[in-house]
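Chemist: Below you will find the structure I want to go over with you.
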Amino acid sequence: MKTYLQLLEHILQQGVEKSDRTGTGTLSVFGYQMRFDLTKGFPLVTTKKLHTRSIVHELLWFLRGDTNISYLKENGVTIWDEWADNNGDLGPVYGKQWRSWPTADGHTIDQLSDVVQQIKSNPDSRRLIVSAWNVGELDKMALMPCHALFQFYVANNKLSCQLYQRSADVFLGVPFNIASYSLLTHMVAQQCNLDVAEFIWTGGDCHLYLNHLEQAQIQLTREPLPLPSLTIKRKPASLFDYAYEDFEFLNYQSHPAIKAPIAV
């Protein structure tokens with residue numbers, strides 16, 4: 001995961017100081033890309049420990065089309081707590097847009113189901129896209145989508161995925177996003193009887209919050225460890241039937257966790 005450390009270093013060296021919605025302040029760069037070969041290990045950051053339970057359960061929660069944090073809390077995941085209302089609701093965030101994007105005529109579109117079907121029937125399509133950026137519902141969301149759009153690509157019976165992340169909290173958020181979309185790529189590949197190829201992460205406003213700079217510098221002193229591998233223990237009937245127990249990250253070694261405050 002030296003690729004990720006290079007992004008940290010790039011922001012520390014080249015970033016410009018900017019104000020932000022949270023009032024914390026950031027060092028920011030615009031436009032950055034990282035590529036991860038999924039055949040050479042699963043891209044979990046090793047220079048600090050990641051909470052893989054949160055990564056898996058959050059993705060399963062998205063896939064359910066859920067927008068209430070009750071499922072997350074039942075499974076010991078707190079990463080969305082700060083944005084939920086008193087009832088645990090977040091408004092029409094990721095899961096809603098992925099699974100039931102509303103249309104003008106009162107119907108909904110299950111973007112993910114459609115994309116999986118397209119990959120199976122027309123793998124050369126250039127329209128294998130899922131978007132969470134629904135302009136008509138942004139004002140109803142507790143947090144507008146940071147990872148806004150992703151696209152699949154099939155070549156030589158191998159599946160790749162590229163994510164566009166308009167706003168990237170590089171210290172806290174991006175390691176989760178890399179792992180989450182890499183996991184999704186593995187799951188979709190299994191459902192479509194494909195092998196995996198690459199996950200490509202493309203960031204817009206890539207930033208380190210000013211109260212994360214020391215933590216980023218600590219992380220840069222650590223030597224990356226070998227990447228783990230992912231085992232998916234069964235192939236369920238659909239993309240939406242996976243369970244937490246279906247996934248195992250083999251040989252995940254990491255340096256200790258590094259605590260940092262979240263900007264709300």
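All positions are counted from 1 along the displayed chain.
Cβ atoms are placed via backbone N, Cα and C, with glycine included.
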Chemist: Say Swiss-Prot lists ARG126, ARG127, ARG166, SER167, ALA168, ASP169, ASN177, HIS207, LEU208, TYR209 as binding dUMP: which of ARG21, ARG35 is in the same site, per that record?
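Modeler: The record-listed residue among the candidates is ARG21.
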Chemist: Tell me which of the recorded positions HIS51, CYS146, ALA263 ends up closest to SER167 (dUMP binding site) in space, Cα to Cα.
Modeler: CYS146
Chemist: Considering Cα atoms only, can you say which of HIS51, CYS146, ALA263 is the nearest neighbour of ARG21 (dUMP binding site) among these recorded positions?
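Modeler: That would be ALA263, the closest of HIS51, CYS146, ALA263 to ARG21 (dUMP binding site).
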Chemist: Measuring Cα to Cα, how far is TYR209 (dUMP binding site) from ALA263 ((6R)-5,10-methylene-5,6,7,8-tetrahydrofolate binding site) in Å?
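Modeler: With the alpha carbons as reference points, the distance is 8 Å.
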